[in-house]
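Peer 1: According to Swiss-Prot, the protein has these features:
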BINDING   24, 26, 51, 72, 96, 123  S-adenosyl-L-methionine binding site
């Protein structure tokens with residue numbers, strides 16, 4: 001599948017990409033091959049693709065693995081892929097990924113085969129990419145994700161403590177997985193061209209055994225980063241008793257002047273547990 005194929009398909013079928021779904025189709029053969037290459041796929045890996053679109057990456061993935069599962073919301077693209085890729089190792093469902101239990105879906109196709117690793121390989125729809133990332137990192141089965149997202153989001157996910165991009169989302173993701181930005185992708189490699197640059201990142205799931213409510217932790221982190229210029233204890237005092245906060249800082253030997261951007265992810269988890277015990 002090349003640029004001409006996709007552009008001709010768009011013309012022939014009067015296909016108007018959905019802004020609501022964040023549809024920007026990858027045209028570059030070089031980039032799609034590069035994404036698959038960095039995923040280092042073994043035949044015994046189960047691959048999950050989210051938002052396969054016209055199948056630019058799908059047609060390569062299906063040659064690399066014994067089990068490829070794709071989730072596509074757009075009924076037009078779902079119908080296209082049902083006829084375009086007919087190999088027995090390809091399975092596609094027409095659904096919103098945010099409504100799918102990923103682990104249950106994987107188990108449905110993993111009851112007879114010997115699986116080495118479970119990997120997500122995808123060009124994510126940018127409008128909901130943060131929500132998809134949160135689903136991926138909470139999976140008990142997914143080992144790795146090689147995903148394309150907005151460059152800005154990639155930088156937030158991979159941000160280090162004491163840097164500008166470090167925020168609540170950074171901390172939440174890094175509590176669940178190791179992160180690495182692999183390479184950037186220019187907007188001209190898509191149709192229609194997005195207004196932002198993109199990047200491919202690797203998430204290695206830590207399969208965190210720590211028992212906590214991710215929604216409650218997310219709320220806590222947003223409070224911590226509510227005003228990045230304020231001291232952390234001042235942000236926390238909007239919700240928690242200042243006396244308890246001060247004692248917590250003493251117990252953990254923390255500087256009272258620290259801001260949220262100065263705190264490592266694992267320490268945030270300790271603070272969360274301390275204040276919510």
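Each Cβ is built from the backbone N, Cα and C atoms, and glycine gets one as well.
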Peer 1: As a test of the contact definition, list every same-chain residue at least 6 positions from residue 96 (S-adenosyl-L-methionine binding site) whose Cβ is closer than 8 Å to its Cβ.
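Peer 2: Sequence-distant Cβ neighbours: 73.
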Peer 1: Please give the greatest C-alpha separation between any two of the S-adenosyl-L-methionine-binding residues 24, 26, 51, 72, 96, 123, in angstrom, as a whole number.
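Peer 2: That value is 20 Å for the farthest Cα pair.
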Peer 1: By a simple count, how many Cβ atoms lie within 10 Å of the Cβ of residue 51 (S-adenosyl-L-methionine binding site), its own Cβ left out?
Peer 2: 23
Peer 1: Return the count of C-beta atoms lying within 10 angstroms of the C-beta of residue 123 (S-adenosyl-L-methionine binding site), excluding that atom itself.
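Peer 2: Step by step: centre on the Cβ of residue 123 (S-adenosyl-L-methionine binding site), count other Cβ atoms within 10 Å, giving 26.
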